[in-house]
Amino acid sequence: MEKQPGALSRNPHTLNTWKAQELYYLRMQRTKEKMEREKTEEDLYQNKNRLKVCVATCNRADYSKLAPIMFGLKSHPEEFELEVVVLGSHLIDDYGNTFRMIEQDDFDIGSKLHTIVRGEDEAAMVESVGLALVKLPDVLQRLRPDILIVHGDRFDALALATAAALMNIRILHLEGGEVSGTIDDSIRHAISKLAHYHACCTRMAEQHLIAMCEDHSRILLAGCPSYDKLLSTYHRDDYMDIIKSWLGDKVKENDYIVALQHPVTTDIQHSIKIYGLMLDALISFNKRTLILFPNIDAGSKEMVRVMRKKGIEQHPNFRAMKHIPFEQFIQLVSHAGCMIGNSSCGVREAGAFGTPVINLGTRQTGRETGENVLHVRDADSDNKIYHALELQFGKRYPGSKIYGDGNAVPRILKFLSSIDLKEPLQKTFCFPPVKDTISQDIDHILETQSALAVDLGGTNLRVAIVCMRGNIVKKYTEPNPKTFEDRMHLILKMCKEAVQGAVRHNCRILGVGISTGGRVNPQEGIVLHSTKLIQEWSSVDLRTPISDALGLPVWVDNDGNCAALAEKKFGHGRGVDNFVTVITGTGIGGGIIHNSELIHGSTFCAAELGHIKVSLDGPECSCGSQGCIEAFASGMALQREAKRLHDEELLKMDGMDVKLAEPITAAHLIRAAENGNSKANAVLDKASLALGVGIVNILHIVNPSLVILSGVLASYYQAPVQQVMLERALFSAQSIKVVKSDLEEPALLGAASMVLDYATRRTY
């Protein structure tokens, strides 16, 4: 039979080979598709678990603050997905096309938006904001970031924040809360009100944000991100090569000036006048000067005209530049003989190096500054500016870290990681207390927000339900077991019982606060070393097992610190920024509140007040040393002295009967003294003097405005300690009052306050 053209061979061997090949390629194709599908699913899973962060930069100045954060985000690809948007003066040739330095730093720029309307006047600024608002929605819609990071106080940043807020995108604002004295303040504060989260640079800025009713739990005191870079890189061996590349081979270290002056948009004509006077003074001063062009604000065009009219670009002493990379600019500022102008760099970054600065005009009037800044606010003549140059040029000042310690970026990354995208997007504002309205909320009727407080004493284990007002709704008490296993078992049992009881009392438990003796790491919830009264209680993780068992957040701190927190929230410490609480009980302890914050110390042993030495050869203390306050003035020390007097038959007085079966305590010593026993009086006088001297030492170290005595011996010690302070403290500290605590349960209330107050704050 004739074979048809193109027909398959009927040879069985050929057919089998063809089928085998077909099956092989089919299996390969399916395997490839499966691997691609699994990779796609893996990528989707990874992206789903990563926080998509969009960083928007508008100019060379804000990029110096944002770049360290961008590098940090990029170095953690498993946690963050970085998107970069560039707009504003980055894309203008007259300002150096500074977007190129972002590309040189190896960042992928997702979007470039030309948003600047040229004109350099007020109308052009408004039109630029409008143009940005027209272009930004498409970009943000395409990128769909989880959070947008904006910086500072520029009109470009206001457009970014406005667009993101209206599109329900979370905003992290850098450097909010600062004051600089120009229209920038209004823009900065407006951005703060649009932003959902804040990373500020100084304690004062943090307080300003709180005063603006921003939620404290969403404010991070991070420091300035640019300090992370400048503090680690400004000690470079090649700094002279950088200086000479910009200023010439003949220039010497500390023998040149850096000048950077921007327009003040609320008073353009005056700022142009000051600029001209500055140039005249610099020409007369006759020192090599690196001058940077002003930014793009209204009035900059006129300032450039003044510079060119005076021939600055051709003057042999001047080098006029549109842009200098930040790393090199750091070297130039840190080794300059002086910096002059009104740039924020002068009052912020230059302070870290101790570079002398002359701040002209009002643009930075409200900024916090170090001692390196000399203000010439009313710069009405070039002679005044020249005289300021004579005073400042060539000086060196101590470095200042007002704006950061070089660790801002790790704090910000951790803050970003902690953001819960499931939280409501709607901002809440923390307004000052006002009179309650007559309307009611069903949650307030049905439930009272409360804390579960645990006090681990040497004798008893106590658990209490404590409501917002500090009232103890219900208290449970059991003897404290001697072994670790029994103690943990009892804590969990009592906590579970209290949680069930809270339902019957219409209380909603927000968390668990634990007060315990010894040294505690509150950040990790671990008891590092306990007191001798609580055995088998070192290196104990309390947070994890209790949190896992109850499904509640857990806070742990030392009992002395808890006593201070209790006073801060419920006692004499309310509204007091600086005070010390001293516990006078079985031992001596306490806590220190400084600038409204509890001091823990670098190794969590701050405020070990009982172990302040007041004698070189005093009685032995439980800590192993001698002459500590606790060895003289604690309940155990007084009990020891009472037993000694009793054994010597020197304690009993007329009208005082001490039964043989009754244990001798500090109370017997006090009763004997009250009945006129001179020996008992001598012991108590010595104890009061030791405690008083120890508190005088505290006054001279931390200078609180109030001393609060707590514990069973507080009533006795109050008057003698006040007298010792009057006799032995410096005159400036003699007026500080000693008061007795009115709180009946400071340990429980302090443990509860960590939940009721500190639970809402992010502290890193």
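Just so you know, glycine gets a Cβ as well, placed from its N, Cα and C.
What TrEMBL says about this one:
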type	residues	note
ACT_SITE	Asp559	active site
BINDING	Arg519, Thr531, Asp559, Glu608, His611, Glu630	N-acyl-D-mannosamine binding site
BINDING	His611, Cys621, Cys623, Cys628	Zn(2+) binding site
DOMAIN	78-416	domain 'UDP-N-acetylglucosamine 2-epimerase'
Sequence-distant neighbours of the residue listed as 'active site' in its chain (C-beta under 8 A, six or more apart): Asp455, Leu456, Ser515, Thr516, Gly517, Ile583, Gly589, Ala747, Gly750
Pairwise CA distance, Arg519 (N-acyl-D-mannosamine binding site) versus Cys621 (Zn(2+) binding site), rounded so that it is a whole Å: 17
Neighbourhood of Cys628 (Zn(2+) binding site) by C-beta distance under 8 A, where only residues 6 or more apart in the same chain count: Ile588, Gly610, His611, Ile612, Lys613, Val614, Gly618, Cys621
Distance from Thr531 (N-acyl-D-mannosamine binding site) back to Cys623 (Zn(2+) binding site), taken between C-alpha atoms, in Å: 9
Densest Cβ neighbourhood among Cys621, Cys623 (binding-site residues), 10 Å radius: Cys621
Stretch-averaged pLDDT - the domain 'UDP-N-acetylglucosamine 2-epimerase' (78-416): 90
Protein Cβ atoms within 10 Å of Glu608 (N-acyl-D-mannosamine binding site), excluding its own: 17
Nonlocal neighbours by CB distance (under 8 Å) for Thr531 (N-acyl-D-mannosamine binding site), same chain, sequence gap 6 or more: Gly458, Gly517, Gly518, Gly587, Ser622
Cβ within 8 Å of the mean position of the Cβ atoms of Arg519, Thr531, Asp559, Glu608, His611, Glu630: remaining residues of the chain near N-acyl-D-mannosamine: Gly517, Gly518, Asn558, Gly560, Gly587, Ile588, Gly589, Gly610, Cys623
Proximal but sequence-remote residues of the same chain as Glu630 (N-acyl-D-mannosamine binding site) (Cβ under 8 Å, at least 6 apart): Gly587, Ile588, Gly610, His611, Cys621, Ser622, Cys623, Met636, Ala637
CB contacts for Arg519 (N-acyl-D-mannosamine binding site) [other CB atoms within 10 A, all chains]: 18
Among the N-acyl-D-mannosamine-binding set Arg519, Thr531, Asp559, Glu608, His611, Glu630, as the record gives it, the longest Cα-Cα distance in Å: 16
